[in-house]
Each structure stands twice: as structure tokens, then as C-alpha cells.
């Protein structure tokens, strides 16, 4: 079942918190700490290794939170289709698949029997042109991102994961009705760490992002809930005030 239409998000659902923790106990602490400031959570590989991944997924759903399963599936089409078929039984809003192979994305969309929205990972925000060249791809990241976004669109995916630096180019290439979710968001007071292609909240939405993923800028804040609320305010301003 192709779910090509983008996920309809409320303004406060456009800030996705990266729940990168090693245990269910810590996950529950963060859910409680952030309260109503966060309505959408991304759960990834570190939590999967704890063996408590699906308990946390249920915990989030029970709290009325949206869930983003970020496991970046990349395998032969039949295997990825099987995983998506099983995940369709869970209350998942977003799920990621690597955007490197069109038949794999096609198989995933055909196996999706729920309202789960599939996002293609284009080029990780930790990667530069030099990193791509080492992999035999001697091209600018934006060119690779656009190529993979177009392939994802053709395969029936709901959208892509991409840096805010490439969001405007994706929107021009693919048009509306296709979700662009941007990680690598950084504020002035937070180091970039391993992120290379970063962007501010306001700039990401100005470039056409539908949602952003934020982890360390919230986790490292003196008051994480207040930091998240400040980001919610910035998002609301970016989406409601006319650009100059």
C-alpha cells in the first residue's frame, strides 16, 4: 500500500526529539522530563540494542506521542519488505529506509499495510563531499540528495531525511506533497559534534522543511524542557510569520 501523501503534522509535532538513550528507564525519564514540550519522538539503534525497543514504542504510544522508528533499513528488497510488513502492525508515524536502492524502496512501499509513512535517508548529515568521494561518489552532496529524493518519490515513499541545506533544492525538484525531515539542527550555543551539514531551525523551515529532528541541543541544555519550548516558539514563528 503506497502512502505517498505526507504525514499531516500539527505545529507542535514538527519538533522531533531524538531519544538516543541506552535503556527504557532513561527513555521514560526523558519522556517525563520533557512533558508536553515534545509530542514526537525518534527511537533508533542504541535503544534497539537494549532489547527494550518495542516496550518504549508502546510507552510512547500510550502517552499519546507520535513515534519515528529510525533504523535505516538497507537490505535486499524481500528482506526490507518483510520488516515493513511486520512494523505495519505497530503505531508508527515515520520509519526510515536507506534511499540508495529504488527496488528496495518500491518493495517497502508495497509491503506497507498501515498509515506508517516511509522516509528515505538520502545522505547522512555527518557526511561531506570528501566522505562521498571515499565511497566512489565524486559528487556534491546536494546532487546525490536530489537524485535519491526523486527516486524515493518515484517509488512511492512519503518523503526523505535530508539536511536543511538541501531542503530547498529537494522542494524545487519534487514539489509539494512530499515530506522533508531535517536532522543536523544546531543552535548558536551547541557544538556541531559529528554533524557537518547543519542549519538553524528558522533557516530549515524557510528552506521547506516539514519537521526537524533535534537531540543534543535539547539533551545538553541546562533546562531541556525550556529549550524544547523555545524551539517550539521558533518553529511557530517560522511557520506563521511571512518571510522577508
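Residue numbers in this text run from 1 along the chain shown.
Heads up, the Cβ atoms here are built off N, Cα and C, so glycines get one too.
Quick look at what Swiss-Prot annotates:
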BINDING   20, 42, 70-79, 125, 186, 195, 215-216  substrate binding site
ACT_SITE  72  active site, proton donor
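A map of Swiss-Prot features onto the structure.
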residue: 20; record: substrate binding site; Cβ contacts under 8 Å, 6 or more apart: 44, 46, 47, 215, 219
residue: 71; record: substrate binding site; Cβ contacts under 8 Å, 6 or more apart: 44, 45, 48, 95, 96
residue: 72; record: active site, proton donor; Cβ contacts under 8 Å, 6 or more apart: 45, 96, 97, 98, 121
residue: 74; record: substrate binding site; Cβ contacts under 8 Å, 6 or more apart: 80, 97, 98, 100, 101, 104
residue: 77; record: substrate binding site; Cβ contacts under 8 Å, 6 or more apart: 101, 103, 104, 106, 107, 108
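In the three-state DSSP reading, residue 20 (substrate binding site) counts as coil. When Cβ atoms from all protein chains are considered, those within 10 Å of residue 125 (substrate binding site) total 25, not counting its own. In the three-state DSSP assignment, the secondary structure recorded for residue 77 (substrate binding site) is helix. Within 10 Å of the C-beta of residue 215 (substrate binding site) there are 18 other C-beta atoms, taking all protein chains into account.
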